[in-house]
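Q: Dumping the structure here so I can ask a few things about it.
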Amino acid sequence: MAALGLKVFSVLSNILTSAIEAITGKDKDDDRSWRKPSPTDRRSPCPMVNALANHGYLPRDGKDVSLARLITGAKEGINLAPDATLIVGAKALQASSTGNILTFHLDDLSKHGVIEHDGSLSRNDANSGDNHTFAPEIWATVAAHFTSETISIETAAQARKDRLAAAPKSNPKFHLDDSGLRFSAIETSLYLRIFGDGTEGNARTEWVRTLFEHERLPFDEGFKRSDKPLTVAELLVLVKKVQDASS
């Protein structure tokens with residue numbers, strides 16, 4: 001039954017993507033070079049979303065991002081299948097401050113408890129007053145686990161587990177509900193899949209560090225977009241592996 005539900009969801013998301021692309025058309029700006037965001041550009045707490053904007057797969061100013069643009073941008077940039085993108089996209093629209101229920105600004109993702117959660121791998125908790133800016137001191141505690149050329153599922157799970165254990169010690173208001181825990185596991189699973197070997201993990205450490213530390217897709221370091229779309233089904237396989245390795 002669960003497999004059937006995923007298949008139906010995937011089919012519907014692909015139909016939705018085709019429909020919106022037909023209406024909105026392709027973006028006229030084909031420049032996918034990395035650019036550092038300007039002080040007025042809006043960015044999210046998510047390094048991957050920010051990297052897509054820094055490369056022009058999403059609006060570089062981070063404003064008025066449509067679900068169609070998010071789906072096509074993620075597909076073009078990292079070959080994230082529409083069904084997987086909708087996991088984030090549907091939540092993002094819930095946090096929208098644009099006045100249009102069909103769009104959101106990237107910094108809307110900073111709204112605590114929607115997608116953003118305590119215990120981020122690279123950001124301070126919301127209680128600190130800034131939950132969207134890259135925090136090198138937090139990331140350093142996570143990256144300290146990555147001592148080999150690749151990051152296994154077990155290593156990634158341990159890095160996440162240790163970060164979640166450390167966060168409450170510096171945040172008396174730390175709170176992570178089931179939804180936050182799920183998104184935390186999804187985030188780890190995403191970098192393992194995008195920069196690794198399918199659902200086996202082994203993400204290239206240099207590529208992962210480039211994403212988190214520079215919010216750039218590591219094309220210069222040899223990364224190539226996978227020919228195989230990353231689907232919800234694959235993501236769920238990795239999420240379970242991360243959760244099992246964290247127990």
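The chain as shown is numbered from 1 upward.
Glycine is no exception: its Cβ is also placed from the backbone N, Cα and C atoms.
Automatic prediction, not curation, is the source of TrEMBL annotations.
Sequence annotations record features per position, and here TrEMBL assigns compositional bias 'Basic and acidic residues' to 27-44. Under the heading domain 'Heme haloperoxidase family profile', TrEMBL lists 30-237. As annotated by TrEMBL, region 'Disordered' applies to 27-47. Per TrEMBL, signal peptide is recorded for 1-22.
Any idea what these are sitting next to in the structure?
A: Look at the region 'Disordered' (27-47): DSSP puts its residues at 1 helix, 0 strand, 20 coil.
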Q: Average pLDDT across the domain 'Heme haloperoxidase family profile' (30-237)?
A: 97
